[in-house]
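Asks: Mind having a look at this structure? Questions to follow.
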Amino acid sequence: MSFFDLFGAMFDMGQDPRFRRQDVEEDEPIIINVEEDGQSRSSASSHGFRGPQSPIDNGRPRLRRQSSERPEMRKGTKILLAVLAVLLVVVALLFATARFITDLMWYSQLGASRVVWTQLSVKFGLWVAYALILTLITLFSATLAIRARPDSPDGSTIRVRGDVIEVGHSVSSRTARRVAGLVSLAVGIIVGFQFNADWSSIVLLFNNQSFGIKDPQFGIDNGFYVFLLPGLKLVASSLLMVFVLAGLCSLVTHIFMGGISLTMPVRGRGIVQMTRRARTQVAIWLILAMLVWAGTIALGIFDRLTEQGSHASGATQFTGASYTSVNANIPVTVIMAVLVAVVGIALGVWILTTHSLNEGRALATSVGAAWKAWKLPVIAVSTLLVASVLLTGVWPSVVQRFRVSPNAQEMESQFIQRNIAATSQAYGLQKLKTQQYQATTQVHSGALAQDADTTAQIRLLDPQVVSPTFRQLQQSKQYYSFEDTLAVDKYDIDGVSQDTVIGARELDLAGNDNRNWVNDHTVFTHGYGIVAAYGNKVSPDGQPLFFEQDIPTHGKLTDQEHYEPRIYFSPNAPEYSIVGSAQGSKTKGWEFDYPTGSNGATNTFVGNGGPSVGNFFSRLLYAIRFGSDQILFSDRVTPSSQILYDRSPKERVAKLAPYLTLDGRVYPAVVGGRVKWIIDGYTTSDMYPYAQKVDLGPITQDTTTVSSRAVKGLGSQEANYIRNSVKATVDAYDGSVDLYAWDTTDPVLRAWQQVFPGQYKPLSEISGDLMSHMRYPESLFKVQRQLLSHYHVNQASQFFSGEDFWQTPVDPTGSDQEQERGVKQPPYYLTMQTPGTNAPTFSLTSTFIPAGTSTREILTGFLSVDSDAGKTAGKIGPDYGTLRLLELPKNSNVPGPGQAQNNFNSDAAISTELNLLQSGSTKVKRGNLLTLPVGNGLIYIQPVYVQSSGTTSFPLLKRVLVAFGDKVSSAPTLDAALDKTFKGDSGAAAGDASHADKTGGSGKLSDSGESQSSGPSSHQGQGTLPHQTEVPNANLQKALKDADQAMKDSDAALKQGDFSAYGEAQARLKEALNKALQSQEKN
């Protein structure tokens, strides 16, 4: 039986003599004519509705079809449309199947099949379970209603605007059950997806953990709020939907089966008649729904501890139950839950016991009698509505207005103190060490003598500014590239921990002029090598001093026997590559490895980096997935081939651990002779009681994330609990992913470890080499500094007034648009010694200024966090993660970053120097404005870069600006600028103090805008050439001349964009430098 037959059967009125169906053509439309209220048969016939064409037979309406003039659709057209529809479904299923199977192959290759099967089983299981429960209960409800059908149903009559439509007279029980089954199944399948979407709440419900900390209001462990409450609310709301739908299903079925009769005329009162069994069933479903609703309301009591509120002054919002919540909202919620339950039971009992719904009685009752009979439900529902308005809306407002507001500080102090304590716990602020810092602004000779270790490590290279310099000097070919913002890390160089600016030479297919499928997916498959430079010094002409460089890669990081420089997996890797040649093949590998000679070196991937595409079925699946028939037919795809895809490190970690929030920065490190990408993972929650809620998106935005493609803040997500619980690494060669349980005390991580057992490696498996590159994550630090701008105040009375609140300063080096938008200054990695500590440590730093819109920007605080995890395998350094706050006196006059930048800009001497540097076609770029606590005060340091307008130009460090108090100075080197600031002798040496040419050359620029130095230097940053004022022998003189010519050739090659000639000139330059040094050593 078709759907239309079922539908027609439900409304078939053939058993009533007034309703008969004429035999009509199958394609004719149905016209339903009905009798008008109060119209006699004669009046109907007087309107001309007689004869064979009239729909009125003896004054009774019936169904008939009218002939249609539409031409019949041709049979061939119908078949064609059906075939197209089938093909569309088949193609969609084919793509979905290919996607699913290839995803399974991807997880299997990583040894993570359990991850995908766990997710699928949980999601599918929840969907099936909820859909099945919903389907069975609604079908059970409908079946009970069908069985309760009266023997001689009168049907239900609904009169609307004088028309009478009668339904239900001839619906058979068999047909009704079929329709009820189809409807129940459809409802269950559709609504089941809602339950499936919140799968994480359910799995955490069954894998809940204890925090060991109880909330201050109810004394319940915080794990109840984080793990149990979201799942319980989801179950309660889903169960409520089940009972509501079951009740509606029962109600509708009874109406169609005659168990409920409805009459709603335009004039007169309406009539509702219900059989005894209909009343019983409807009453039971109503009571169940109301009881579950009451339970859902009752769970809202606990939501008060995680809701966003505000104290009476409205100046500062805080999370958690306030005085009004505890003394008004929570009691009202309890009352409303009880009231809903009582009203539900009362209405159910009334439906069961009242005689007003009996058949035949409603027509005979008077208005007064009807009111008496319906008084209970009217009063019950009215009471519920009035109580809802008065108790949930009016009463809390009255308490807030007349009780709290006049005494806000006293009333709210207890609850603000709860918020302060919980926020400290939830964001890991307990490790904060605050120190009152009496910062001086007076300069004197030798002031930095006690800070020599810090000044020697001050970073001059801005990782966001020098990326073009890395590209020009180390890119080698146009199909390689570096991220627009490089990373800052630390390495032990010659036994000394050295701040390092580091980047990976990634593959960039956009730079390849010969683009085709073979080149894009089988030839150019990987990047090559790491490039690293000293952070605290540059060459005399302002170029970075590289200690890891070139192709093939060599330097202090990779001069070892086993080093793998190839980078198949990186943030900007191509969509997919097919690697590996046939086993035993004598054919030379076709993967381009690196440029050398006329054709370049080739390579064949030998790792286990992706699923095999050695058989026809696999090739077919991936051809469908990537929409490329070349995968299916190309000879480059051999039985030994693998396909590498989903190659972004962050994407790979996200697929393996979808419940983690990942940091916006991924950085490379050389660990054990391999390049590893390191990613920080966070566990979060928005249900930690009383902890302050924040949106992680906006507070992790700064000028770096706004202007960079490589670095992003966290996505917009409300949270009030966060832990850096996971450190993840992705091997740049084979893409293998390792997840390490970094914070084993985190209950949220422990819960997910139960859901995905065996997914994490213990901390003990982190090698000492890898541990040395685990740094404190920027996004977490930005969240904490945002909270500390208020929560450095730990007394409720001061917090309430807000008079000592701070803010992160706007980045004074940002663009005009960014400063107008108030984009914050990013934190900076620096090696420095904080007052009160014993030695310099690798730290992440930021500053604070007073909150508000005052134009006077003074420094109020300096925040740093120890970011060095140590070098011991399996053990995190004891001070790692310690937050250190230097709090300046309220009467301090130490300039803030904006004021320091303004002092630089307004200084006549500095302005003159910068104007000279940016004359002609050159422009000045200001680097990051660093702040360091040295000399019993705070010093500002800013590198200044100069870049010409040529397409092959790049920034060169030409000046360093220093400010201490109101004293500002400028010099070609940091060492000279420090001495100049502190009356000729700072008492300490900077990292660039060893330059042979302390003035850094003339700093002049050629007419073309390319950098030139007064003395010869290496374009590879190898250091300085020996001075040419004294030439002890002919060999040294010849070597210097050769070096000078090689440098000129390098400049010419760069201007012309001839990287091959540039590489050759650089090789000659290096050879000449070695000869010069050898000659000098002999003398």
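Just so it is clear, glycine is given a Cβ too, placed from its N, Cα and C backbone atoms.
For reference, TrEMBL lists these features for the protein:
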- 38-71: region 'Disordered' (REGION)
- 79-101: transmembrane segment (TRANSMEM)
- 124-146: transmembrane segment (TRANSMEM)
- 179-197: transmembrane segment (TRANSMEM)
- 234-262: transmembrane segment (TRANSMEM)
- 282-302: transmembrane segment (TRANSMEM)
- 330-352: transmembrane segment (TRANSMEM)
- 373-395: transmembrane segment (TRANSMEM)
- 985-1052: region 'Disordered' (REGION)
- 1004-1023: compositional bias 'Low complexity' (COMPBIAS)
- 1025-1036: compositional bias 'Polar residues' (COMPBIAS)
- 1039-1052: compositional bias 'Basic and acidic residues' (COMPBIAS)
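Surface or core, plus neighbours and distances: that's what I need for these features.
Replies: Within the chain carrying the transmembrane segment (79-101), a Cβ under 8 angstroms from the stretch's Cβ atoms is held by residues 621-622, 624-625, all 6 or more beyond its ends.
A Cβ distance under 8 Å defines the sequence-distant neighbours of the transmembrane segment (179-197), meaning residues of its chain 6+ beyond its ends; these are 6, 10, 123-124, 126-136, 138-139, 142-143, 146, 234, 238, 241, 245, 249, 253.
Among residues of the same chain six or more beyond the transmembrane segment (282-302), those with a C-beta under 8 A of the stretch's C-beta atoms are 141, 218, 220, 224-225, 229, 232-233, 236-237, 239-240, 243-244, 246-247, 250-251, 254, 260, 274, 330, 333-334, 336-338, 340-341, 343-345, 347-349, 351-352.
Among residues of the same chain six or more beyond the transmembrane segment (330-352), those with a C-beta under 8 A of the stretch's C-beta atoms are 274, 279-280, 282-284, 286-287, 289-291, 293-295, 297-298, 300-301, 304, 321, 376-377, 380-381, 383-384, 387-388, 391-392, 395-396.
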